[in-house]
Amino acid sequence: MTTLSRRTLLQAMGTGALATALASLPTFAQDRTAIRIGYAVSKTGANAGGAGISTIPNYLLWVDDVNKAGGLELSKLGVTLKLEVTEYDDRSSAEETVRAIERLATQDNVDFILPSWGTGSNLAAGPTFDRFGFPQLAGTAVTDMAPQLVQRWKNSFWFLGGGHDYANALVDLLVKQRDAGAINNKVAIASVADGFGIDLSKAATPAFQAAGFELVYDKTYPLGTSDFAPIINEVSGLGVDTFVAFSYPPDTFALTQQAVVANFSPKIFYLGVGTAFPIYPNVAGPNHNGVMGVGGIDPDSEAIAAYFERHTALVGQAPDSWASAVTYASLEILGQAITRVGDLDKSAVAAEIASGEFDTILGKVKLVDNQLRALWTVGQWQDGKFVGLAHTEGKAAREPVVPKPAWVPAS
Amino acid sequence: MLFSAILTGLVLGGTYALIAMGLTLQYGVARIMNLAYGDLIIAGSFGAMLLFTAAGLNPLIALFIIVPLGFALSWLVYALMLQPLARRSPNRDRLEGDSILATFGLLFVIQGVALVLFGANYQSYSFLAVPIDVLGTTIAANRLLAFALAVLFGVGLWLLLTRTRFGTVIRAVAANPGSAPLVGINVDHVARLAFALGGGLAAAGGVVVSMYLTFSATMGVIFTMKALIVVIMGGVGNLLGALAAGLILGVVETLVSSFIDPGLTLAATYLIFLAVLVVRPQGLFGKAAR
């Protein structure tokens, strides 16, 4: 047993106090060699497919772009520093995400933390980001609760809108087509019984009814369904001109293949997540043309074209045409906010993100109430690009092609 | 409508049976509860996709490359990793426990290699997605192919097991690995062969489902789960049982999806599974408990 003398105790307390005082001193510029960026992303597990397309490539690309340009200038510290990355795999588990963020904040002492992929993981990580005071740039979360979340977590930023944005935009677009006589009044909806499908169909069903559409089929199917023959067979006999599926990537591809095989070619064929993926034209072949879905890009923007090129060169594949560009833009905003503030003060950077106007690949962007409200909501494959048909600000990059071209049977 | 739903269901069931047959061999004969089974299916899918997209090779021809590879890989895995476990296990239960742990690790090895090589993205290509009219019902040719292969493998292997001397040897090992050496059977050899055969079947399943299912490096466990349900339901080690159980599941899912609600297909699957477990715990075609 050891006894502590008063002197040892006092010495220990003194050292401790000194250490605390030192730790709370601002970091000196000469101590720093890099700006430390940390993130936990889903490299394995159920979210890996989504993260591998929309999130991870954009984090890599942004770091690469910034470092190639020499780094970010911190005027108050008088240096220009490159980015240095600490990365963890959260294995698609929300607990793992939270744990990794705590570790990044306390052990790795990173300067900024980027979020994981998906709505669920961003909602789960919100309190942790808030507790450590890090700005949370949710580039891949779709939630109607964003206005309330912003009240609760002041440093959270929501970039991908909510279910109502997408559902209402789709219904508005269809109303115009119906009033122009291009489609009939019957609509069939199939949605996946999981986060995205539930949110979207909850918003869409009343919107369709309010617009006077007749919902002749409105059913959900379980996550992981692989055979869509029963759904397509039933819907194809109902005489609908509009088929809407709020689906996840594997379902999106399977629904397309099944519809082609069954030769069910409605005038409007709208699918959920995965339609905007670069792999979709490979899956659907010539039949991708005219298919509608969530998201979209401005095909005439030079910034977007250059972004697609850089992305393809670095990652080996094109980005998706929905969340990818938005995620990248959120990182551009972070970088510009850091340079404007001129040092690594988290709350000052968050305040700048909330109030400043930024120059991104999406054009000039200013967040409204911590949310990106300038979003492409409905897209359609036209000439190899997933072009935006509807935008929250009322513009359209292209006119919708209705009816879509008839399916070309596989040979 | 009813007839069409049953036909669609049979074809879906063919897929289930096809992916379950290898597992029933591995579990029933080699007594290895292979948790990495689904990842071998995914490996087969990646192989087919690679050969199709990079070399333009018809997946049907790719079967003749990938199935022997799956066989060889499983042979190696058994010889290097599982044989020592099998030799030192005093009884079947112990081997099951050990093999679950060992193949659980193997799962992550295969998954990790696939992640490094192909990334976490969804992969999909389209082959033989041509409609075929079967008695008035339109069915995709690739799914029909899966059904045909399932029946072919199921019946073919069943005949092999029940009508040949080699089959008798395999069944002897399955029935009583302790006594089989007494009649001059090399248990190690037979178990390794059965495990490798199961691996070949898994690879074949992977090639066929890659023609119409979207897959990613991390989706193996979904196949393992589905295969496990079919295997337990049909009776462990029984190929005809796997075929029957797969077809029943497919038909029930499709009927429920067509006539009740697509949202209830999973519930129906597990209800049937539960009913079979309650009424016939040894599986539809399984032998009564030893």
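The backbone N, Cα and C atoms fix where each Cβ goes, and this holds for glycine too.
Among the features that TrEMBL reports, transmembrane segment is placed at B:6-25, B:37-55, B:61-80, B:100-120, B:140-161, B:193-215, B:227-251, B:263-280.
By the Cβ criterion (under 8 Å, sequence separation of 6 or more), the transmembrane segment (B:227-251) is in contact with the transmembrane segment (B:6-25), since 3+ such pairs are found. Residues of the same chain lying 6 or more positions beyond the ends of the transmembrane segment (B:61-80) and with a Cβ under 8 Å from any Cβ of it are 26, 30, 32, 40, 43-44, 47-48, 51-52, 106, 191-193, 195-204, 206-208. If you look at the transmembrane segment (B:37-55), the same-chain residues 6 or more away from its ends with a CB under 8 A from one of its CBs are 19, 22-23, 26, 62, 65-66, 69-70, 73-74, 103, 106-107, 110-111, 114, 117-118, 123, 125, 127, 198-199, 202-207, 209-211, 213, 215-217, 219-225, 227.
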